[in-house]
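Worksheet for the structure shown next.
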Amino acid sequence: MGKKKVVLDQFDFIRAIACLGIVLYHFAVEYGWPDIFNNYVGGVTYGDIYVTVFFFISGALLFYNHSKIDDLKLFYKKRALSIFPAFYIAWGLMYIRDVLRYKSLFYRGNPASIILSLIGMDGYLTFKINDYYILGEWFIGAIILLYILYPLLTWMKKEYKWVTFGLVILFYILSLKINLTGMVSFRMLPSCLISFYAGMLFVEHRKSAEKYWWIAGILLVILKCIEPGNMNIKGHIAGFLMAYMLYGIGTYLMKINIINKVMKFIGGISYEAFLTHHVTICLFIKFVPADATVMMRVILLIAILAATGISAVVLKQVCKTIMSLGRARKKNIA
């Protein structure tokens, strides 16, 4: 548990592409252009696909580094530190901005709901509760729940592999048939869990992707030509195929030095970019008219990508500095 986290080049490649894909998707949704970044087929969006890839790579990375949990307390501590410092800083800055704008600490009413932000669940539960969801980071709530379940999941996978596989599939199917929460089915925990668990399983079979990634690419094209069935299932299949294909492509492209450096850089700030890109997109779009020329739109997109990258780097560096100061202070006290 004390060992340094290892990230395969291919995993960094997938993280980077998923990050760029989600930013491009949200740009297309907010601006209404271009559709190539938005719609995959029918009701399946590239947002659905890249979110699936995100949960997939999260499960793969975690299982690659922590296939066995020796220290439960340390495991949860590290997961909390990987999520909350950056989230608190980004959310806190936006909360202060809104407090100053609306001149009220509880400008959305329901003061108790601010607790949901403090535990990272505001975005995940905003469909049901009027809370202080600001950043557009609904996935954090899902990933927190998956991290909580992870030690049990790894134990069950080891002791009852096929039973665990069957239960994950069963819960997913039931979530498609029964929805008592009112939550969008793609965001329900069983839906996120199947992507996360698929990533865990992929770790053990990842070598096949180096040879057969092109088959996944062909299947993605074929799937795009098939008109709607169940959009949730189709989105997950497309996401799994995308992740499989990207792993194989990354095996070769990450051998090129400049691509390796760029993708590792983007992959390294992907979480921070997820936290900042919504705010960045909304900020920039205010200054561009809907009838802007194609050139203006392209410039806008480049500016948003650059601003998202810069804000993510700054956020990551601020977190590192604060964490270092905290460790130094703790060491001095000891």
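Cβ atoms here come from the backbone N, Cα and C positions, even for glycine.
A TrEMBL annotation is a machine prediction, not a hand-curated record.
Predicted, not measured: the structure shown is a model, and the values here were computed from it.
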Which one of 193-216, 265-288 shows up in TrEMBL as transmembrane segment?
265-288
Between the transmembrane segment (265-288) and the transmembrane segment (12-29), are there three or more CB pairs that fall under 8 A, provided the residues in each pair are separated by 6 or more in sequence?
yes
Among 79-96, 132-150, 235-253, 265-288, which stretch has the highest count of C-beta pairs below 8 Å with the transmembrane segment (49-67)?
235-253
Average pLDDT across the domain 'Acyltransferase 3' (10-314)?
93
